[in-house]
Amino acid sequence: MMFWRKLPKALFIGLTLAIAVNLLLVFSSKGTLQNLFTGGLHRELPLHLNKRYGAVIKRLSHLEVELQDLKESMKLALRQQENVNSTLKRAKDEVRPLLKAMETKVNETKKHKTQMKLFPHSQLFRQWGEDLSEAQQKAAQDLFRKFGYNAYLSNQLPLNRTIPDTRDYRCLRKTYPSQLPSLSVILIFVNEALSIIQRAITSIINRTPSRLLKEIILVDDFSSNGELKVHLDEKIKLYNQKYPGLLKIIRHPERKGLAQARNTGWEAATADVVAILDAHIEVNVGWAEPILARIQEDRTVIVSPVFDNIRFDTFKLDKYELAVDGFNWELWCRYDALPQAWIDLHDVTAPVKSPSIMGILAANRHFLGEIGSLDGGMLIYGGENVELSLRVWQCGGKVEILPCSRIAHLERHHKPYALDLTAALKRNALRVAEIWMDEHKHMVYLAWNIPLQNSGIDFGDVSSRMALREKLKCKTFDWYLKNVYPLLKPLHTIVGYGRMKNLLDENVCLDQGPVPGNTPIMYYCHEFSSQNVYYHLTGELYVGQLIAEASASDRCLTDPGKAEKPTLEPCSKAAKNRLHIYWDFKPGGAVINRDTKRCLEMKKDLLGSHVLVLQTCSTQVWEIQHTVRDWGQTNSQ
């Protein structure tokens with residue numbers, strides 16, 4: 001084997017030719033001699049010649065065999081060489097990707113070793129961003145601060161991405177009339193990421209039958225984001241080249257707030273039905289038909305789809321279960337349990353009557369105008385959906401959730417355009433209370449811990465809205481509570497509320513303490529609801545956020561009887577179990593339990609901090625921030 005590999009190529013070729021020539025001569029000679037010996041002439045040869053030629057023929061035969069063996073050896077050597085070459089090639093082909101993979105792994109290891117987690121405490125990177133370089137992390141975090149969601153990821157996702165169909169399977173069996181009203185979709189935005197708006201538009205176009213979708217109207221409430229100017233205009237032109245006249249954009253010259261932006265879109269709409277949406281949404285399949293069919297059945301109904309949630313960090317969709325939209329006495333929105341009347345229908349596709357709506361709604365365009373559209377006096381954000389819901393219910397319409405219409409809504413981690421919405425929420429809540437809540441409006445003041453008189457909050461001129469209420473001959477808020485939202489329970493026995501201080505140290509206030517937990521504490525005074533206290537003429541002392549609902553209980557200050565420290569117990573349960581929850585109190589006086597006769601007081605612990613105790617009454621007295629009617633002396637601290 002090694003011998004053949006070492007032969008020079010020219011020598012190898014020459015040797016091969018020589019052997020071939022010799023073989024030809026041998027065979028030729030052998031043939032001649034054989035012919036002479038056994039040929040057709042059959043001549044007799046002398047004996048010595050006969051022997052001589054026989055020996056030659058024998059030798060030639062041996063030589064032929066040897067040469068044949070040599071030829072076979074050469075063939076075998078060549079085949080072995082080919083096998084070796086083939087094996088080497090195959091080995092190289094197999095090893096090459098392994099070596100490449102090992103090299104890649106080494107590079108990745110080096111890469112990970114050099115990368116740092118630049119923002120270990122950022123909520124953006126809890127479940128996302130493991131493979132980002134440091135430069136990518138910085139870019140993603142900057143966009144997160146700017147928009148309140150993962151705009152970096154949004155910019156990489158397809159605009160026409162697929163999201164899970166979250167409808168109940170029975171919704172897929174429903175059929176709708178072939179003739180349905182036309183639809184105007186209104187998208188409200190301020191300083192959204194461009195890719196978010198584009199994805200909303202794309203989902204609407206792709207998942208709404210073109211015969212139903214008349215227009216998409218974008219309302220920009222004075223964005224400062226540069227890409228929402230020229231770049232957005234260019235995108236709209238591209239959409240309109242493919243779908244002529246479908247998209248329109250209206251830009252406010254100044255910030256007007258959510259309610260007025262929705263009114264701007266409504267005023268520009270021309271279809272039979274308007275759907276007013278946030279721009280950070282993706283509509284799901286079959287979202288429009290249930291809306292249009294229901295409004296075609298009843299023009300006085302305001303409807304809302306079911307929300308699903310798009311996570312702010314991963315953009316994954318979380319399915320939300322069907323619920324109705326409610327609110328508390330601060331007019332904060334929330335989800336409430338489904339009404340028993342709907343459950344008894346045994347039809348999961350049926351519309352659900354709801355006390356309120358969230359931020360997305362659809363309505364007959366003319367009916368929405370007849371009842372006054374949205375209250376343009378609501379500023380910035382908050383309460384406008386509750387105001388509309390109260391007006392619709394009290395003025396002859398109804399509000400419903402449609403189980404078979406679903407929209408995915410992108411949650412924000414924070415609202416960068418308004419980091420503190422408290423002032424706007426308070427102001428808007430008082431405006432709603434003054435217009436629509438009649439003798440129960442005080443509950444909003446109590447919940448927000450605002451003085452009933454001289455609140456110092458300007459909620460705007462409400463005369464035109466009061467005139468509208470009179471014109472529409474609207475029902476009372478008491479009717480609404482009894483017939484639509486019996487969950488809310490107004491209270492009329494509260495005579496003192498707000499922060500409560502012991503005059504030993506007016507820098508600390510009574511506080512509900514850690515949650516979960518039921519131990520009240522003394523803590524540095526602040527304006528959050530954990531320090532709200534509500535004293536009733538009947539003797540209860542609520543501590544913490546005011547609930548005043550049928551399905552949940554406020555927490556009452558309780559004397560446990562033997563222990564030194566007071567507790568907070570659910571009022572309804574405590575009353576049922578005859579716990580010591582009733583107190584005598586007047587502003588500037590002691591707080592005395594009616595049963596145990598012990599006083600609520602405070603003392604310093606070993607660390608010098610004030611702690612609450614129940615003990616024999618000394619000279620300690622308490623003040624409460626606000627009083628109602630003629631109870632005690634009016635205070636405002």
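Using N, Cα and C of the backbone, Cβ positions are placed for all residues, glycine too.
Mean model confidence for the domain 'Ricin B-type lectin' (496-634) is a pLDDT of 95. For 496-634, the entry in Swiss-Prot reads domain 'Ricin B-type lectin'.
Sequence annotations record features per position, and here Swiss-Prot assigns N-linked glycosylation site to ASN85 (among others) based on sequence analysis.
Residues or ranges marked as N-linked glycosylation site by Swiss-Prot on the basis of sequence analysis: ASN107 (among others).
If you take the C-beta of ASN160 (N-linked glycosylation site) and look for same-chain residues 6 or more apart in sequence within under 8 angstroms, you find THR202, SER203, ASN206. Under the heading N-linked glycosylation site, Swiss-Prot lists ASN160 (among others).
What Swiss-Prot lists as region 'Catalytic subdomain B' is 351-412.
Sequence annotations record features per position, and here Swiss-Prot assigns transmembrane segment to 7-29.
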When secondary structure is assigned with DSSP, how many helix, strand and coil residues does the region 'Catalytic subdomain B' (351-412) contain? 17 helix, 20 strand, 25 coil
Looking only at the domain 'Ricin B-type lectin' (496-634), what are its DSSP counts of helix, strand and coil residues? 9 helix, 56 strand, 74 coil
